[in-house]
Amino acid sequence: MSTTPPRNKFPLPLDAVVERKPAPARTAGLPAVGTPRPAAPTPAPAKPAKPRLPRTAAPAPAPVPASAVEQRASAATAGGGGMASARARAALAARLRAAGIRDERVLSAIATVPRHLFVEPGLASQAYEDAALPIGHQQTISKPSVVARMIELLREGLAADAPLERVLEIGTGCGYQAAVLSQVAREVFSIERIRPLHEQAKANLRPLRVPNLRLHYGDGMLGLPQAAPFSAIILAAAGMEVPEALLEQLAIGGRLIAPVAVMPPAGVPGQTVTQQLLLIERRNRHRFHRTALEAVFFVPLKSGTI
């Protein structure tokens, strides 16, 4: 811990702040006359110490204000033309509203986070289309409508102005969904198993300086037990089932949203494996309620790190 250098006490004696002049030379036959010095001021009586208040726990972090992210996005994309414009983000949010997204907090987050910062420069012109785009390493950035829909499902039942509490994201990718989550949650933890993507997400998010978001490199199928329990968990990759470790890390009353594989009926030729969203609500320590939702398409959920 750094320390502050000692400060001079005030008021200072006059001779400490006025430049001293040399005494005049003695004149023959006359005694030297000394210049009178003012008396040092009487120090003020010490003030009685104020009683110390008991320490209270630090408040939980809050979602980053949209205005702060917008200002940082503007600074990061100065001179970027139309893609840096808030109008492009607002138009995307308006299209999602027309498509059925109703959570205004989610729509505000979509209208705030600059998606073009999270895609390759050559794809910037497509950043505000409702389309999944490649980000390298055989991974994609999800469609904005899917991001909004999944987060809306996590927030279902909350008051309009109430944030999610502690959220875990499995599959950081380029960092876009994590940035959107940071606008609607107090704390966001995101895990990525592919090292170059983890580093890319850090670089993408750095200009936005999001204080309530923590990125981790590791196996997402194991979750993040040191930070559990989580009030919400969101998976950005599809597995045959939701890993048991993630269910264990979901808080009672919490929600998990994930794409999962759906096997075709046995004995039916020509059918392929499909995917659908699965919403899991934890009712108590041992009981989970599952709701199958619409069809989706995600990259596969894999274990380990690379």
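Our numbering is plain: 1 for the first residue shown, then up by one each step along the chain.
Note: Cβ is positioned from N, Cα and C throughout, glycine not excepted.
Record features, source Swiss-Prot:
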REGION    1-82  region 'Disordered'
COMPBIAS  38-48  compositional bias 'Pro residues'
COMPBIAS  54-77  compositional bias 'Low complexity'
ACT_SITE  Ser142  active site
Let me know how many other Cβ atoms fall within 10 Å of the Cβ of the residue listed as 'active site'.
24
Helix, strand or coil: which one is the residue listed as 'active site' in, per DSSP?
coil
